[in-house]
Amino acid sequence: MSKSGEFSWKSENLGKRRWAFVVFLGILILHGLAILVFTRGFLLTRTELSQYSHCSDIQQSPCFSPPQEDQMVNHSKGCWTKPAVDRIVIIVLDALRYDFVAPSTFFDEKKPWMDRLQVLHKLASQPGSFAKIFKAIADPPTTSLQRLKGLTTGGLPTFIDVGNSFGAPAIIEDNLIYQMAKNGKRVVLMGDDTWVQLFPQHFNISHPFPSFNVKDLDTVDNGCVEHLFPYLYQEDWDVLIAHFLGVDHAGHIFGVDSTEMIEKLEQYNGILEKVVDVLESQSGPGGLHENTLLLVMGDHGQTINGDHGGGAPEEVETSLFAMSLQKNPSSLPSDTDSSSCRLDTEKRKICTSSIEQLDFAATVSALLGIPYPFGSIGRVNPELYALAAGTWNLDIFTPESGINLSGSERWMQNYVNVLCMNTWQVKRYIDVYSASSVIGFSDKDMSHVSDLYAQAHDNWLHTKEAVLNCKSESCSTLLPQLKKQVEAYSNFLSSITALARSKWTEFNLKMMGTGLCILVLSLFVHIFTIKKLDKLCSCYLPRGGDFVVSFEAIFAYAAVLIRSFSFLSNSFILEEGKTASFLLATAGMLQLRHAIVKKKMFLEGLLFVLVVPLLRFGIELGQSKQAVNSLFLKSFASWTVSVDNGTNLWIYVADILPFLALVILAYILYYKSITHSSCRGIFKLVAVGTIFASSLIALAWALDDNLFSPSTVIVDIKAYWIPRIIYVIGLLQLFLLAISQLFGKEKTSGWEEDTIVKATAMLSAWSSTIIILSGKQGPLVALAAVIQGWCVIRLMTLERAKNDHYDSSTSYSSPVAKWSLLAVCLFFCTGHWCAFDGLRYASAFVGFDEFNLIRQAALLTIDTFGFSHILPVMGLPLIVAC
């Protein structure tokens, strides 16, 4: 096209281009509205009630009030139930997997990280069973904030709550910490600062430490140790919470099967051993910890790669270790005890049980004698309750003395009354929630709930009468009646839990359907716009006679439809990356066949086909969640390959390949941009900046490989200064490109050349930051993307040559479809997947130790979507211009 023709095109169609922008804005608004409506039905929420439980509420319940005599003064006084313990020490080990605590004999295969917490095995195996190991089952999402919220409120979190993971708002619901503080319990905190964000005004003393720097394994743990032991000798607290983070951070950075993880577990073993020694040394009669309960627990588990957030068994299964300093637990009835016993590696008998984290708030509230949180729907766990409340010498039901009751009957009496309060509280919450929430429970559900509660209450009246009338000669039926009452309450509480889970995990199909309909409407607007733009293009794009749709275009439409319908199947959703790679490989084979027939561009077709299996290899490894203890894993954060650590060749290859890929990328950029005659000065400057940034990346990796003697200066350079310089270079490049676009004058030979230069410059500006965040896999993925993109563009010219008569609205269908499939493959082969545990939090702290919400969110977003969205979108104009 001549310069005069190009000028005419611009002047005549300026108004039409403005019209196109308005339509584009309208489509964007439709998309946003569709997503908003769809997510209202897909991302589930529940109404948070502002009501709180009070001591005076017991007057409304049908249960027995705890006797006021014989209760200890001040902070040990209870109001709903008699306090079973005076003090509780809660040690939270973040991301504590169940197999970190349970003996290896409980599992099919022994792993290196098992049997490291020997002190817990020793305590749980001692005669009398005053200590016990529980498998604690968490409700997803298994992010720390949601788990702490669930543990303290006794409610179920929803997946929409994950949006607050990095900016924890204060909990407005009734919760365990609030009830402790309100009822005179002095709470001391040390460790993870998330607690202070959730409960900003509830701790008597707090020692918070920053929790989001996952590269730091020791700061939070050392802070906990520094403050924990002095407080164990002090009297000015009732509940002590120490939240350690080392295991969680070691998992995120190094994985479970790593030396760092084993070292952390062994460190924790030593810490716990010292804690137990201090508590036991003061647990004698009249001692400071005579009636103290020790809880060592995890908030969630983690996968073998150290990820968590989803609902996989490794993520939801954590541990809870309970030890009563009373050392005289109550014996449970056999039908209430769910223990499973085995011998550990030292031939000691250890019994474990299961507990739902949903039950934690209610159980601890009952042990402390404080009101249960208003929104709690959990059940007081019988085994944990019996462990801590074993030395009770009080029969609150029997007004007459001299009655000879067995230990089981005595314990069951107390436990039945605790469950009575528990059941009444849950029923009260469900009634209020259904009446006040817009999305409350249905009339059918509420009718079923009322029937179950009525049955339990009627049975309670008979039980209450039987207890009050019990004489030494007429108590033979008391224990069966108590067991029947426990079963009635347990059935009610289990039904409520199942109902709540179904309600807060069921999707609103009407809202989702409305959102999809709006999205389909935007699709028709899209098609209409494409046709209108096609008419605009017809004045300067060459067209032949008749309209022809190529076979490649038909396949492109079919591939898009197949991929769209695949999201209706859960199996295809889980295998999205593999589905995309299959479709991409199929498209590549069709192009290769056509190249062979035409005897043109055979190299491009073959290269495209050969790179796809490499992408598939990366997808398989990135989604495997199986870490390998090898040097290759240290080089590739999300790629795992089983190699012999003694084979130096593989180690050298793993080290050299990223550097080689960086050199190739720099050469391509140099050849395409700097030596390009039509490339203007500002774009050459951007290219030079990218090459310089690539050199800095190579230097950082060389320093990381210990090619130089380690020192504080070198560590600071590679860990902080180089990444920050690269970020600054990227921002300056984007700023220069924005200035050039707004105020620069076009001096290239045509719009095609101008588009190529600008697109290449944008890719250059983004690439350095994305590569350094991705680790040493970054250059390899970037090189694969460049090769595939080049092949797509080259093969597009072959398709056009085959069809002299083509329609501009369909001529780009095949390359754009392949471009889109390539972007999906890049997302999965870089170790990401569509789940909360697919986020690589370590990338948010490349170059920084301190947490800043905006900065870390930006870095995490760039790492997550850099190769799959940012670079493909910036490179898409190359298809039109080339």
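Glycine too: its Cβ is placed from the backbone N, Cα and C atoms.
The transmembrane segment annotation in TrEMBL falls on one of the ranges 537-559, 859-881, namely 859-881. At the 8 Å Cβ threshold, with sequence separation of at least 6, the transmembrane segment (721-743) lacks contact with the transmembrane segment (819-839), having fewer than 3 such pairs.
Within the chain carrying the transmembrane segment (509-528), a Cβ under 8 angstroms from the stretch's Cβ atoms is held by residues 23, 26-27, 30-31, 33-42, all 6 or more beyond its ends.
If one looks beyond the transmembrane segment (819-839) by at least 6 residues along the same chain, the residues whose Cβ comes under 8 Å of a Cβ in the stretch are 141-143, 162, 303, 307-310, 312, 315, 559-560, 563, 573, 576-577, 580-581, 583-584, 587, 612, 615-619, 621-623, 637-639, 774, 777, 781, 784-785, 788-789, 792, 860, 864-865, 867-869, 871-872, 875-876, 879. Non-local neighbours of the transmembrane segment (682-701) in the same chain are 658-659, 662, 665-666, 669-670, 673-674, 717-718, 722-723, 725-726, 729-730, 732-733, 736-737, 740, 744, 757-758, 760-761, 764-765, 767-768, 771-772, 776; each lies 6+ residues outside the stretch with a CB under 8 Å from one of its CB atoms.
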